[in-house]
Amino acid sequence: MLLIPAIDLKDGECVRLRQGLMDDATVFSGDIVAMAERWVNQGARRLHMVDLNGAFEGKPVNGDAVYQVREAFPDLPIQIGGGIRDLETIEAYLKAGVSYCIIGTKAVHNPEFVAEACKAFPGHIMVGLDAKEGMVAINGWAEVTDHNVIDLGKQFENDGVEAIIYTDIGRDGMMQGVNIQATQALAKALNIPIIASGGITNLDDIRALATIEKDGVSGAITGRAIYEGSLNFKEGQALSDELSKA
């Protein structure tokens, strides 16, 4: 199972939000490339980058920071989300060498767009599904919809998405541990990989996720825990690799 460090971008800086609130951001670094280097040096094999301004404005705002990381680490796969609402944006990111584009809110508002994107860029599209008590939330978590997360996940699987990034939003950025049951239920219902996000705080969470890797959980995104120190990234990835072999 891949442990994937998150670099959330706001106004050109690396930050973490609590519960998706733009005015509740902790700034961790103004040097994005140095932050990426820190995780690469600790053994990261992929980066998860989110353009937070882009997510709220509906178009890329921090693309330059993504491109700088891409240039500094040409062999490192990057997955990017936030503000991806049209095929042109996806094309620009992929041409720059980004590996995966993550469609979030637009996937729920306009599911046809996911099918279009998968057709145009097969193998490069992921969907980010945020859910609270099994129901999908959108618009920076401001709105909980009446869409069931498993039903939508199946639809996107049929469209050809590469993976689903699943966040239990009751827990993200709050250091409460992972919602194993909800993550497992989604993974078991689908055949494509699930990347767990939200609530990973320590090595125990990695141990818990490792028990459902066989159900289709291929990765876990970690943010606040590695920035605030409750999880050592290098130890976390080493443990994950060890448990994957077991």
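Just so you know, glycine gets a Cβ as well, placed from its N, Cα and C.
Asp8 (active site, proton acceptor) carries a strand DSSP state (E or B). Among the features that Swiss-Prot reports, active site, proton acceptor is placed at Asp8.
When secondary structure is read from DSSP and collapsed to three states, Asp130 (active site, proton donor) falls in the strand class. If you look up Swiss-Prot, you'll see Asp130 marked as active site, proton donor, on the strength of sequence analysis.
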Integer Cα-Cα distance in angstrom, Asp8 (active site, proton acceptor) to Asp130 (active site, proton donor): 16
Other CB atoms, at most 10 A from the CB of Asp130 (active site, proton donor): 25
